[in-house]
């Protein structure tokens with residue numbers, strides 16, 4: 001075979017374009033033709049951490065006032081009928097109840113962390129109440 005002289009050709013600047021797969025082409029064309037955009041979602045745990053920071057900063061009561069007041073009156077009915085409550089008495093009960101629950105959940109969280117978990121479970125609450133001596 002005889003040798004031939006090679007002439008220099010102009011470079012096109014890279015590789016030749018490849019054919020796209022059918023799925024990729026369909027995915028790229030879908031939003032352009034009016035596909036429905038997904039609503040924005042935060043990663044799991046982000047909103048939870050934001051809520052923790054928000055509620056730790058705040059001082060307002062978290063249990064609604066009227067449902068708590070109805071519960072207090074319902075429990076009081078079992079002991080004596082026709083009891084009246086000052087609004088400040090119901091507020092004091094609510095403050096005490098919320099403080100108790102916050103402390104309970106703090107200790108419950110510590111029990112879950114001790115068990116190398118991040119999720120609190122009923123057994124954590126039971127352990128806390130046994131350690132505190134509230135329930136034998």
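A Cβ is built for glycine as well, from the same backbone N, Cα and C atoms used for every other residue.
Features as listed in Swiss-Prot:
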- 4: phosphothreonine (MOD_RES)
- 5: N6-acetyllysine (MOD_RES)
- 10: N6-acetyllysine (MOD_RES)
- 10: N6,N6,N6-trimethyllysine (MOD_RES)
- 11: ADP-ribosylserine (MOD_RES)
- 19: N6-methyllysine (MOD_RES)
- 24: N6-lactoyllysine (MOD_RES)
- 57: N6-(beta-hydroxybutyryl)lysine (MOD_RES)
- 58: phosphoserine (MOD_RES)
- 80: N6-methyllysine (MOD_RES)
- 123: N6-glutaryllysine (MOD_RES)
- 123: N6-acetyllysine (MOD_RES)
- 1-43: region 'Disordered' (REGION)
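Distribution of Swiss-Prot features across the structure.
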{"residue": "4", "record": "phosphothreonine", "Cβ within 10 Å": "6"}
{"residue": "5", "record": "N6-acetyllysine", "Cβ within 10 Å": "4"}
{"residue": "10", "record": "N6-acetyllysine", "Cβ within 10 Å": "5"}
{"residue": "57", "record": "N6-(beta-hydroxybutyryl)lysine", "Cβ within 10 Å": "7"}
{"residue": "58", "record": "phosphoserine", "Cβ within 10 Å": "9"}
{"residue": "80", "record": "N6-methyllysine", "Cβ within 10 Å": "7"}
{"residue": "123", "record": "N6-glutaryllysine", "Cβ within 10 Å": "12"}
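A straight line from the CA of residue 5 (N6-acetyllysine) to the CA of residue 58 (phosphoserine) spans 84 Å. For the recorded site, residue 58 (phosphoserine), the DSSP three-state label reads coil.
Nearest in space to residue 58 (phosphoserine), taking C-alpha to C-alpha distance over the modified residues 4, 10, 80, 123, is 123. Cα spacing between residue 57 (N6-(beta-hydroxybutyryl)lysine) and residue 10 (N6-acetyllysine): 68 Å, rounded to the nearest whole number. The Cα of residue 4 (phosphothreonine) lies closest to that of 10, out of the modified residues 10, 80, 123. DSSP assigns residue 123 (N6-glutaryllysine) to a helix in the three-state reduction.
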